[in-house]
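Visitor: Have a look at this one before I ask anything.
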Amino acid sequence: MVNTYDFGLVGLGVMGRNFILNVADNGFTAFGNDLDEEKVNALIEEGGNEEKVNATSSVATFAQGLSTPRKIMLLVPAGKVVDIVIDNLLPHLDKGDIIIDGGNSFFTDTDRREAYLQEKGINFFGAGVSGGAKGARKGPSIMPGGSRDAYQHVKPIFEAVSAKYKGEPCVAYLGPKSAGNYVKMVHNGIEYGLMQLTSEIYDLLKKAGDLTNEELHRTYASWNAGRLQSFLVEITSEIFEQKDDLGDGHLVDKILDKAKQKGTGKWTSQNAMDLGIPVPTIDVAVSMREISALKEERVKADELYGRPIPESVVKKTLVNKAESALYFAFIITYAQGMHQLADASKEYGYELELGEIAKIWRAGCIIRAALLADITQAFKADAGLQNLLLSPSFLDKVQETVGATRELVAYGATNGIPLPGLSNALTYFDAYTSSRLPLNLIQAQRDYFGSHTYERLDKEGIFHTEWED
Ligand code: 6PG
């Protein structure tokens, strides 16, 4: 069993086990490693043929069993565990071997690990993997970043196991250093935005249109058959159908309205702030998870303030407008995420090709959507596109849906239904498309109280005024 297996995987939790079985399904031999003997045995049993899929709890046996250069993927929790696993592996590796971190690691950790391993002659990849447990088993979207040369060794395996969109693999070499983890982080930021939007539209349809769960199921299912076709809209329609197996009625009505988070959405927002890129729809999606956590306070405040009784609306009209508004806000959310990627690419030297990124998001990942085919086209047509909103191919899509968005945002504000994702998307759009904003006044205020200076529209240079004179 020396140097035989094509691919190694450390961390045989659900994701790891599914990924390794996917590798084996695609004709590669795979070797798993986990300290937990139960997980090791479970994989051997499920693999069915030890020549194709095997596992061990011994790091030495694991490393010996892999063909060189070793290709070892880690699917372990982000954070310290990744460093521990790397240090455990190191004594058993040779120069030229490749370690791939497939978790949601913070991108600066990936840069640090890459530099550390480079000194030892080991190639390190940060590869975002999206698609959950099912994706890992049947075909995820994979976002690798690291050394372009070393990627050639991993490429055949990743292309085979990844999801396919019309036969094209949903994986591509994205760029050096932490490019892969960075792209996955922004993917998750977009994921937060889309999830917030689908949820608030549900709230609106329920409170303003009195839609039952059956109607919500049918509405989201019909949207999924149209331009809103996407994984998140699809699973949303299925969620409304699910009966509660512990009681009467539908499960969705029994789930506590407090959303948890592991941090990737927050990182996207934080880093966007650092870079000076506006991503307000993603920011507010993070804030809404934080507001959701304040359940007890919300209950008290609801009793204190109450809210208006929503004016009645025609159900069909509401549903049509909601479809338009959701489409509009989806576009804006992708636009913000892509904008962040474009700027981060310059800042961190990732040399990202946005068309390639949209392309590998078309299948396998959580934010896959019909819209991504259009986004791919827009960036293929103009690789330097500053913002999706400036693409001629998006003009009509946005113009046609912004009116309904305005009406719903106004309705939500009048009737006390929070639509923060939708209204932020609209505000972003209105601000981004304003040739003149009132920030001249902010400059005047800054100069007034702090002599911070300002520029003028009509003359070159830096100016200061003694305002109080
Ligand atoms: C994916 C998901 C995956 C995970 C999220 C959940 O692309 O497969 O994004 O990575 O489900 O990290 O994130 P939160 O726990 O922060 O919602």
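Note that the numbers count up from 1, one per residue, in the order the chain is shown.
Any Cβ shown, glycine's included, is placed from N, Cα and C.
Okay, so TrEMBL annotates it like this:
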- Asn104, Ser130, Gly131, Gly132, His187, Asn188, Tyr192, Lys262, Arg289, Arg446, His452: substrate binding site (BINDING)
- 180-468: domain '6-phosphogluconate dehydrogenase C-terminal' (DOMAIN)
- Lys184: active site, proton acceptor (ACT_SITE)
- Glu191: active site, proton donor (ACT_SITE)
Visitor: So which of Lys184, Tyr192, Arg289, His452, listed as recorded positions, have a Cβ under 6 Å from an atom of ligand 1?
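Guide: The ones that qualify number zero, so the answer is none.
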Visitor: Please report the number of other Cβ atoms within 10 Å of the Cβ of Tyr192 (substrate binding site).
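Guide: Other Cβ atoms within 10 Å of Tyr192 (substrate binding site): 28.
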Visitor: Should Lys184 (active site, proton acceptor) be counted as helix, strand, or coil on the basis of DSSP?
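Guide: Helix, per DSSP.
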Visitor: Max Cα distance spanning Asn104, Ser130, Gly131, Gly132, His187, Asn188, Tyr192, Lys262, Arg289, Arg446, His452 (substrate binders), Å?
Guide: 49
Visitor: Where's the emptiest Cβ shell within 10 Å among the recorded positions Lys184, His187, Arg289, His452?
Guide: His452
Visitor: Counting across all protein chains shown, how many other Cβ atoms sit within 10 Å of the Cβ of Gly131 (substrate binding site)?
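Guide: There are 24 such Cβ atoms around Gly131 (substrate binding site).
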Visitor: Which number gives the other C-beta atoms within 10 angstroms of the C-beta of Asn104 (substrate binding site), all protein chains shown included?
Guide: 21
Visitor: Over the domain '6-phosphogluconate dehydrogenase C-terminal' (180-468), work out the mean pLDDT and round it to an integer.
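Guide: For the domain '6-phosphogluconate dehydrogenase C-terminal' (180-468), the model's average pLDDT rounds to 98.
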Visitor: Could you tell me the C-alpha distance between Lys184 (active site, proton acceptor) and Asn104 (substrate binding site) in angstrom, no decimals?
Guide: 7
Visitor: For a quick check of packing: other C-beta atoms within 10 Å of the C-beta of Glu191 (active site, proton donor), how many?
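Guide: Taking all protein chains shown, Glu191 (active site, proton donor) has 23 Cβ neighbours within 10 Å.
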Visitor: What three-state class does DSSP give Gly131 (substrate binding site)?
Guide: coil
Visitor: Between Gly131 (substrate binding site) and the residue listed as 'active site, proton donor', how far is it from one CA atom to the other, in Å?
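Guide: Checking the Cα atoms of Gly131 (substrate binding site) and the residue listed as 'active site, proton donor' gives a distance of 11 Å.
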Visitor: I need the CA-to-CA distance for Arg289 (substrate binding site) versus Glu191 (active site, proton donor), whole Å please.
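Guide: About 13 Å separate the Cα atoms of these two residues.
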Visitor: Please state whether DSSP places Glu191 (active site, proton donor) in a helix, a strand or coil.
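Guide: Reduced to three states, the DSSP call for Glu191 (active site, proton donor) is helix.
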